[in-house]
Amino acid sequence: MSSLPFRIGFGEDAHRLEAGLPLVLGGVPIPHAELGAVAHSDGDAVLHAVADALLSGLALGDIGQYFPDTAAEWRGMDSRVIVQRALELVRARGYVPGNVAVVVTLDRPKLGPLRADIARSVAGLLNLPESEVGVSFKTSEGLAPAHVQTRVTALLIRPGSVAP
Ligand SMILES: Nc1ccn([C@@H]2O[C@H](COP(=O)(O)O)[C@@H](O)[C@H]2O)c(=O)n1
Ligand SMILES: C[C@@]1(CO)OP(=O)(O)OP(=O)(O)OC[C@H]1O
């Protein structure tokens, strides 16, 4: 069991995009997306990277170990369940999330108008104030138009080990 007051986690995810599929990011359905994620689950690349960031901060592996993409039971699953499980594992080791920073690379549609919705959704899942969830968007500058990529850093704190 770690005795460090802080741990840093990093997660990354990518999904191929195709027409006729839904796009969900951070638990928020993206309206008017021409392309959606090809995935075994609901393909929420933000929540997959959030969960991996939580797990990696405590060297707990990655979501594929807990939710294999070969298991029929996880087909089409709501990725909020993945984050909830990762959070349970983090809490069981005596840590809680302090803040997270999310970067989404997606060419279309523009996500700026949904920034607050995504931050609020991720914050709610992690039991954090919205102000502790940074959300940035980038395009690939046309290099990967049928692709969504996400990267997330997470600070994990052991309550009681640092002055408030
Ligand atoms: N899907 C996206 C991608 C980017 N944005 C915003 O556009 C601005 C410029 O992005 P660059 O990749 O060209 O640097 C930036 O302010 C992003 O927030 C967006 O809203 N949705
Ligand atoms: C979430 C899982 C399981 O349904 O499948 P995908 O939706 O394909 O997502 P990915 O980020 O490729 O890997 C994790 C998987 O185990």
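Just so you know, glycine gets a Cβ as well, placed from its N, Cα and C.
For reference, TrEMBL has these:
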- Asp13, His15, His48: divalent metal cation binding site (BINDING)
- Asp13, Ala14, His15, His40, Ser41, Asp62, Ile63, Gly64: 4-CDP-2-C-methyl-D-erythritol 2-phosphate binding site (BINDING)
- 6-154: domain '2-C-methyl-D-erythritol 2,4-cyclodiphosphate synthase' (DOMAIN)
- His40: site 'Transition state stabilizer' (SITE)
- Thr139: site 'Transition state stabilizer' (SITE)
Discussion item. As a check: which entries in His15, His40, His48, Asp62, Ile63, Thr139, the recorded positions, place their Cβ less than 6 Å from an atom of ligand 1?
Written reply: Thr139
Worksheet item: Cα of His48 (divalent metal cation binding site) to Cα of Gly64 (4-CDP-2-C-methyl-D-erythritol 2-phosphate binding site): how many Å, rounded?
Response: 10
Worksheet item: What same-chain residues, at least 6 away in sequence, bring their CB to under 8 Å of the CB of Thr139 (site 'Transition state stabilizer')?
Response: Thr105, Leu106, Asp107
Worksheet entry | Residues among the binding-site residues Asp13, His40, Ser41, His48, Asp62 that border ligand 2 - Cβ under 6 angstroms, in sequence order | Asp13, His40, Ser41, His48
Practice prompt. By DSSP assignment, list the helix, strand and coil residue numbers for the domain '2-C-methyl-D-erythritol 2,4-cyclodiphosphate synthase' (6-154), in that order.
Written response: 51 helix, 45 strand, 53 coil
Worksheet item: For Ser41 (4-CDP-2-C-methyl-D-erythritol 2-phosphate binding site) and Asp13 (divalent metal cation binding site), what Cα-Cα distance in Å is obtained after rounding to a whole number?
Response: 13
Response to the item:
Looking at the binding-site residues Ser41, His48, Asp62, Ile63, the one with the fewest other Cβ atoms inside 10 Å is Asp62
Fill in: Other same-chain residues whose Cβ falls within 8 Å of the Cβ centroid of Asp13, His15, His48, the recorded divalent metal cation site, in sequence order
Ala14, Ala37, Ala39, Gly43, Asp44, Ala45, Val46, Ala49, Val148, Thr150
Worksheet item: Which one of the binding-site residues (His15, His40) has its C-beta surrounded by the most other C-beta atoms within 10 angstroms?
Response: His15
Response to the item:
If you count the other CB atoms within 10 A of the CB of Gly64 (4-CDP-2-C-methyl-D-erythritol 2-phosphate binding site), including all protein chains displayed, you should get 12
Worksheet item: When the Cα of His15 (divalent metal cation binding site) is compared with the Cα of each of the binding-site residues His40, Asp62, Ile63, Gly64, which one is closest?
Response: His40
Practice prompt. Pop the Cα-Cα gap between Gly64 (4-CDP-2-C-methyl-D-erythritol 2-phosphate binding site) and Asp13 (divalent metal cation binding site) into the table, whole Å please.
Written response: 11
Worksheet item: Mean pLDDT for the domain '2-C-methyl-D-erythritol 2,4-cyclodiphosphate synthase' (6-154), as a whole number?
Response: 97
